[in-house]
Amino acid sequence: MDGDRVEIDGGIMEGGGQILRVSTALSCLLGLPLRVRRIRAGRSQPGLRPQHLSGLEIIRDLCEGKLEGGEIGSTEITFTPGKIKGGTHIADTKTAGSVCLLMQVAMPCVLFAASPSELRLKGGTNAEMAPQIDYTVMVFKPIVEKFNFTFNCDIKKRGYYPQGGGEVVVQMSPVKELSPINLTERGTVTKIYGRAFVAGALPIKLAKDMSAAAVRCIRKEIRDLYINIQPVREPDDQAFGTGSGIIVVAETSTGCLLAGSSLGKRGKNSDKVGIEAAEILLRNLKHGGTVDDSLQDQLIIFMALAKGVSRVKSGPITLHTQTAIHFAEQLTKAKFTVTKSEEEDPSKDTYIIECQGMGMINPNL
């Protein structure tokens, strides 16, 4: 059996948890036994962190697979997948590890399960170095559903750094196959909206300050659009711990969604948090792509699995995206090409990511 294992070097390119997420999800989907070595080799704390381990465990449970080397700090794992089944699955990082990253690893797999699934994901909903749950609901969900599936994401409780304690329930039904997507027309920005939130011990004034600072920053570049960033205080029974942050989304005439977000932390001025989110959004609007930097890499696995040719126009290709493409090509029959977008004015740094998908068919339906 061991001779047929796919060998993955977890220390190359982006060198982080993403390699683990993409390769184990594809291993599960394609029934390929896998060995990943040098996990997070370049990180200050190499090996599996609680959030990576929770991701591996939910994949193992989804398909009744076998996982060896599944301990915190482990730098090598072997994984032997079984058959993907639906039903309820729970993953708990027991830290502020991101529920959104747990969703990233599990979602492609349950799309090809035998029956509907419910994922109960526990950890941080608004965590550093990961998409915020608001981004997942406001941007990722409407765009990824263009692959021709739907999911429901219910935020039961929000959880923040350092304790986590959040819970999100994701429900989805399996599909026969995924349709390709074509996101190549940006259109014009028609509205800008968002939410600035505080939770726990923080006053609503901070949310208002973040919102006002973001609006002022965007106004310098975009004068004629109404900008609606709601300041909110999360209800105490729906948030665990203390946290704050902001997400600002731009919607275009062709249905594109691009965002900027930022989290508050102790000693960080709330105006700065708002300005940071606004600047990220403006940077994403400048390059002329149809997706922002955070969505780019999250679409790769779905493009690889879809039947037919997907095309996405993006700004500069991130290392996360290059890494996702590398491992998607290594494990599937999908073929990606990235070319500089011609029709843009030359000053814009715009690219077309094209993928001939492998056309994964759900064997259970």
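Cβ coordinates are placed from backbone N, Cα and C, and glycine is handled just like the others.
Features reported for this protein in TrEMBL:
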| type | residues | note |
| --- | --- | --- |
| DOMAIN | 13-338 | domain 'RNA 3'-terminal phosphate cyclase' |
| BINDING | Gln104 | ATP binding site |
| DOMAIN | 184-285 | domain 'RNA 3'-terminal phosphate cyclase insert' |
| ACT_SITE | His320 | active site, tele-AMP-histidine intermediate |
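The distance from the Cα of Gln104 (ATP binding site) to the Cα of His320 (active site, tele-AMP-histidine intermediate) comes to 13 Å. The residues of the domain 'RNA 3'-terminal phosphate cyclase insert' (184-285), classed with DSSP into helix (H, G, I), strand (E, B) and coil, number 35 helix, 37 strand, 30 coil. If you take every residue in the domain 'RNA 3'-terminal phosphate cyclase' (13-338) and average the pLDDT, you get 97.
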